[in-house]
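Taken from TrEMBL, the feature domain 'FAD-binding FR-type' applies to 90-218. The feature NADP(+) binding site is assigned by TrEMBL to SER153, ARG173, THR234, SER295, ARG296, LYS305, GLY333, LEU334, GLU372.
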Amino acid sequence: MAHSAISQVSVAVPLQTDSSFRRSTFKATSLTFSDKSCISMPSIDLKATRSRSQYVVCMSVQHASKAKVSVSPLSLEDAKEPPLNIYKPKEPYTATIVSVERIVGPKAPGETCHIVIDHDGNLPYWEGQSYGVVPPGENPKKPGSPHNVRLYSIASTRYGDSFDGKTASLCVRRAVYYDPETGKEDPSKNGVCSNFLCNAKPGDKVKITGPSGKIMLLPENNPNATHIMIGTGTGVAPFRGYLRRMFMESVPMKFNGLAWLFLGVANTDSLLYDDEFTKYLNDYPGNFRYDRALSREQKNNKGGKMYVQDKIEEYSDEIFKLLDEGAHIYFCGLKGMMPGIQDTLKRVAEERGESWEQKLSQLKKNKQWHVEVY
């Protein structure tokens, strides 16, 4: 960890029963702090995690929660233009799977996985770009030819989840086909690439193309800008990258604006990266807002299911004001999300006596409008 006067103290405590643990007195030696400020007890956050024969208690002292992670190599900040199509479909890069983790709860409809891929620094990218994945096997429509490339938004910053510039992460929902008559799964019609990725094991090889895309790049010329992010399901991927760059990593861009995330999923078990986003909310309440739309658990103000466009309508006055002041707005997810959102924005604009067509045209002209749907 870096950039905090007081970062973290780990204290080893003998393992006892939970009740005796609470009565334990801590003995610690050689604790040094780089500033002389007093440490008041309410500012200390004790988190206990049990490991074999001891409790390790992390004492996060004042401002420690805001300590940012050191990243390397910082030379990844030097390029003036984003990397584009370093590897093409005819000659993809062979990367290695590091890990595949299911990141939704048991009550989530479907399965979503977080997949970390090692590119060894050979396939650099910027936040908001996509990788192409060429699944193994041959294209059934073109025997003898490889499968078509499938694009996936990258869910990590350019430094990756290990902060060393050598990995990229993807957020992938397993595409499963159910026969409408029998209701049973038909594996022959399941998504080839998503199932390959979700079934992958550490050490497996994966063919990657890219990176591609410029429309979702995060504009960093103004560190005080407002960024409104609207995602459904795995469409949250680029926003995870943005937010880690803004709030987690120690990078040259010192973000001091407002990041506002709207995330639409089916239910609580379907929330993606919720712990990360909740931490930013606690650590940076003046710079981050986070609104969830849970369609199967919440009702909108008309009594129907709560979709992300209903949340947008709820805050429409504020959103339109921010857009008028130059905010960037981003949309990522299934293409079916956009008609409902556009209808809502059009209705809100008309209620305000504005023409949505003119407003949208102006937003696009000003490069405030960023859409990536699939």
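Keep in mind that glycine also has a Cβ here, set from the backbone N, Cα and C atoms.
Between the binding-site residues SER153, THR234, the minimum number of other C-beta atoms within 10 Å of a residue's C-beta occurs at THR234. Residues SER153, ARG173, THR234, SER295, ARG296, LYS305, GLY333, LEU334, GLU372 are the ones the record ties to NADP(+), and the longest Cα gap between any two of them is 27 Å. Per DSSP, the secondary structure of the domain 'FAD-binding FR-type' (90-218) breaks down as 11 helix, 46 strand, 72 coil. Cβ contacts within 10 Å of GLY333 (NADP(+) binding site), excluding its own Cβ and spanning all protein chains shown: 24.
In the predicted structure, the domain 'FAD-binding FR-type' (90-218) carries a mean pLDDT of 95. Sequence-distant neighbours of ARG296 (NADP(+) binding site): residues of the same chain at least 6 apart with a C-beta under 8 Å from its C-beta are ALA266, ASN267, LYS305.
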